[in-house]
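Student: Pulled these features from TrEMBL for this protein:
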REPEAT    31-64  repeat 'TPR'
REPEAT    169-202  repeat 'TPR'
REPEAT    315-348  repeat 'TPR'
REPEAT    382-415  repeat 'TPR'
REPEAT    487-520  repeat 'TPR'
REPEAT    521-554  repeat 'TPR'
REPEAT    659-692  repeat 'TPR'
REPEAT    693-726  repeat 'TPR'
REPEAT    761-794  repeat 'TPR'
Amino acid sequence: MKHGIHFFEHSVLTTAIQDFTAVIREDPSNAQARLYRGRAYAKQQQYRNAIQDLGAAIHLDPSCWLAFYYRGCILQQIDPKKALQDFSVSALINDTQENFCSFLHRGIVYSEQCKWSLAICDFESVLALDSSFIFAYLNIGLILLLHLNQCHEAIQQFTNAIEIDPLNIRAYVCRAQAYHKIHNLPNAVKDINRAIHLYPNKSQLCILRGQYLMELKEYELASLCIHQVAEMDEESFMSQPVQQALIQSFCQNHDKAIECLREATSTQPEPSMFVILGKIQMNAKKTKDALGSFKKALKLLMTSAKILPNTFEAAEIYYLTGLCYIEKKSLLQARDAFTMAIRLHSSYPDAFYQRGLCRMQLRQANCIQDFNRALALCPSHFQAYMSRAAYYGSQSRYSKAILNCNEAIKILPNSVQAYFYRGTLKYQNKTFKASIEDLSKAINLDKTCVLAYYNRALCYHEIKDFRKALKDYGVVLLLQLSKEIAFKVLINRGLLYMELDDYASACEDFKEAALLSPDDSQIFQAIGICYHRLHEFEEAVRSFGQVLKLDPVSVDAYVGRGNSYMENGHEAGCKQAQKDFLRAIHMNPECIKARICLGYNLQALGKLQKAWNQFTVAICIDPKCHTAYDGRASVCLQTGETFAALQDTNAALKLTTTAPLLTNRGVINQLMGHLPSAMKDYQQAISVDPNYALAYFNAANIYFHNRQFSQAYCYYSKVLQLDPRNESALMNRAITNTLLNNTEEAKKDFEKAVCLCPFSASVYFNRANFYNGLKQYELAEKDISTALSIQPNDALMYQFRADIRGKLGLNKEAVEDYKQAINIQEKI
């Protein structure tokens, strides 16, 4: 017996069995020999012989707890019920620390039978016998975590295991999963990091950390984890080609992923493998190869009768095939593939949605039915609502489109896309303030959403909030954007500057736009208009010339260039302008603008009858053209036909009431001597446009003529408030102040007038009169001398200087001035 036990303990099992057999042959009732031979048979996996010997040992010695324990271990998998009985009897016979394994194994059997409470009791009994046994803590923790949903209690069990063995990787992983379940992600990441520190080459741990970091929105760190896994050369990882391929694909190593799966499909040609291969080929933009993979998958799914089963797997393959055809711009084939997917699996919302997109791009009205079906199957399908909104928007049914955006926002309350599109729909619906609210929400969610800034700027432009519009246009230009958007922004901002009369800024924007689109004649047309308004007429001529190079039949360019030539103020420019106006009329005889400009041109050249004819032709073309009536009235006025001028101005005023027209009629009435009517016209002009300076000036002149100097003073002051550089108003107010004995104010006005017009003889003449009235003869003599140096052939000024010099005692010089005045008068 001792000989057999020695060989048993040294694992020389065959010899041990022979020895125990010899003992049993000599003494068939030897329970110990039966026990040891049974254990030896168990180690040699001769379970039938082992059970017989252990049974005999129990029969010979019913108190042999070891025999019950070992038989329970053998029966654990094949007869759990009998195993439970053996473990229970063994524990009943010996419940000391020596037999804690009976409690442990019975707990494992209870766990396999889902008897969680009994299993926990047995594991706790193990811990009561041996508190350092980590396996029991882990099992209790896993039952609490996975089956009883008692996460905090499970965490405590895993913590107990870690306190006993701080290097136990399984305890850290289990506790990390428990923390993850209660959404304590920072602690979950810490535990996984500890596990990785212990086993740095375990790919599954890196994948798990990547998952937790993704949920923490630490995308860069998560990506780093996946890249780390891709670089590992672990056997267990390499033996899983699908997982390896997916990780390589995530790391954008598509070629490696495809190579890995191709090797797998060559040894394991299953439909699912080909589907994964096709998906990775789609990610790698190898659409043709992906289609080939999906076709192979379909071929493997075919039954012997060449019929596809009505399964989701088959439908998904057709769905993916449809996506490939969309990538290839083969919309008809894509639509047919999605139809097949729906036929195989009628409850496939994404297939309905994608078919709807295809039909919408093919301009088929039944696309809306597909979107409706997708939403019926999946009421939370965000993109289906957005696509339905896009369809209704394309049909100008903006209210219905907005309702769909509302539903999409309910699904994803922080969707930039939904707020942005709803904002653009409200812009189309002319509800600009509501549009601004939505676009502002989109911008708050994504500060770099260029199109949201651009569209909000358009809304601000529409509601005349120019400051905010300019700010948004500026932000768009600061952000990285396409040339197309930059071009539109520059054009729109240029037009906005023009509305603000800031032609210099508008011109700069149009010039930048011209660099982006050098063949766009309309941009150079706008540049020409800006230069014209800035009084840079030579530059304007060049810009309009560039328009005509790009578009030789542009009537507007000829008219614009003609007007710029006219503004140069010399006869050669007027003649060149006339040629441009005539070319414009030749290209479009009904171009009223060209005829009116030609009329003013002929008037400037003194050809009044021809000018009158052009205005008359313009009136015949468009009897409602008030500008033509106004132009003809100016010609009539120049020829002395004041009544005809009055009739034309009245005709213009019947068509439109403007301050300039009313002021012109006031001038005509004033020339006809109808001063009350003239004053009435000027006052009406002021009521129509309170900022029209000329109406104030003419009214002030009538007040001055009527010696109503206080009223004249107020009106001249209003003119200067609106137009501070109006030298005529300044000089007239100076004279008015003189007559009102406002000496200091008059002196200031004369000084300002001299600063504005240092070469105007009349300014110096009037100031000389002012000094003469103040008996400041030396200053008066100096000013009248300056006036004569500017205008030397004026007899009245010589006479005036002679009078002043006489008062100064300069008799000889005074006589010379009188003689000069007489000589000039005799010549006249």
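Using the three backbone atoms N, Cα and C, a Cβ is placed for every residue, glycine included.
Just so you know, TrEMBL annotations never went through curation; they're auto-generated.
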Student: Take the repeat 'TPR' (521-554) and find every residue of the same chain, 6 or more past its ends, with a Cβ under 8 Å from one of its Cβ atoms.
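Tutor: For the repeat 'TPR' (521-554), the list is 491, 494-495, 498, 501, 503-504, 506-507, 510-511, 513-514, 560-561, 563-565, 567-568, 587.
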Student: What same-chain residues lie close to the repeat 'TPR' (487-520): Cβ under 8 Å, and 6 or more beyond its ends?
Tutor: 454, 457-458, 461, 466, 469-470, 473, 476-477, 526-527, 529-531, 533-534, 550
Student: When DSSP states are grouped into helix, strand and coil, how many residues of the repeat 'TPR' (693-726) land in each?
Tutor: 27 helix, 0 strand, 7 coil
Student: In the same chain, which residue numbers or ranges, 6 or more beyond the ends of the repeat 'TPR' (761-794), come under 8 angstroms Cβ to Cβ?
Tutor: 727, 731, 734-735, 738, 743, 746-747, 750, 753-754, 800-801, 804-805, 807-808, 824
Student: So how many of the residues in the repeat 'TPR' (169-202) end up helix, strand or coil by DSSP?
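Tutor: Taking each residue of the repeat 'TPR' (169-202) in turn, the totals are 27 helix, 0 strand, 7 coil.
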